[in-house]
């Protein structure tokens with residue numbers, strides 16, 4: 001049975017998941033700060049989870065090596081992200097592949113915390129996927145930040161016609 005406090009936390013998490021899904025697929029306003037802040041947050045959370053789950057076992061910290069691998073994949077799948085204008089304001093949609101991988105790993109991690117007895121091996125696997133996903137989000141953000149200039153130039157070329 002889930003405690004009332006855990007139920008409240010799960011409702012908050014559900015609202016975060018719904019909001020993230022809507023913004024990922026319908027777009028969100030472009031903000032350089034947002035594209036920098038989000039990957040930094042995920043990188044910090046990935047490292048924090050490893051430190052909390054595996055204190056005094058540095059061999060498990062090698063999972064953080066998946067962050068650069070995720071970055072490489074993120075720059076590749078980041079090309080699926082797109083820019084568009086709504087009322088002359090720049091918006092972007094995230095890569096569906098990266099978002100779905102993040103969503104699945106996030107929900108798996110939440111499920112572990114609330115519904116599955118503690119298992120170090122399962123925690124390690126999920127933390128590895130989350131580290132990889134943090135790298136993917138970083139790669140996607142770098143791609144979006146570097147692509148913005150091309151989108152802005154393209155829009156100014158179209159407005160002159």
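Each Cβ is built from the backbone N, Cα and C atoms, and glycine gets one as well.
Among the features that TrEMBL reports, transmembrane segment is placed at 6-22 (among others). Sequence-distant neighbours of the transmembrane segment (6-22) (same chain, 6+ residues past either end, Cβ-Cβ under 8 Å): 99, 103, 106-107, 110, 114.
If you look up TrEMBL, you'll see 34-52 (among others) marked as transmembrane segment. Remote same-chain residues near the transmembrane segment (34-52) are listed as 28, 60-61, 63-64, 67, 109, 127, 130-131, 133-134, 137-138, 141, 144-145 (criterion: CB distance under 8 Å, separation of at least six residues from the stretch ends).
Summarising the annotation, TrEMBL assigns transmembrane segment to 58-77 (among others). Note on the transmembrane segment (58-77): residues 43, 46-47, 50, 95, 97-98, 124, 127-128, 131-143 of its chain, located 6 or more positions outside it, place their CB under 8 angstroms from a CB of the stretch.
For 97-116 (among others), the entry in TrEMBL reads transmembrane segment.
The feature transmembrane segment is assigned by TrEMBL to 122-145 (among others). Listed by sequence, the residues of this chain that lie at least six past the ends of the transmembrane segment (122-145) yet keep a Cβ under 8 A from its Cβ atoms are 32, 35-36, 38-39, 42-43, 45-46, 49-50, 53-54, 60, 63-64, 66-79, 81, 83, 92, 94-95, 98, 101-102, 105-106, 108-109, 112, 116.
If one looks beyond the transmembrane segment (97-116) by at least 6 residues along the same chain, the residues whose Cβ comes under 8 Å of a Cβ in the stretch are 2, 6, 10, 13, 17, 20-21, 24-25, 49, 74, 77-78, 80-81, 122-123, 126-127, 129-130, 133, 136-137, 140.
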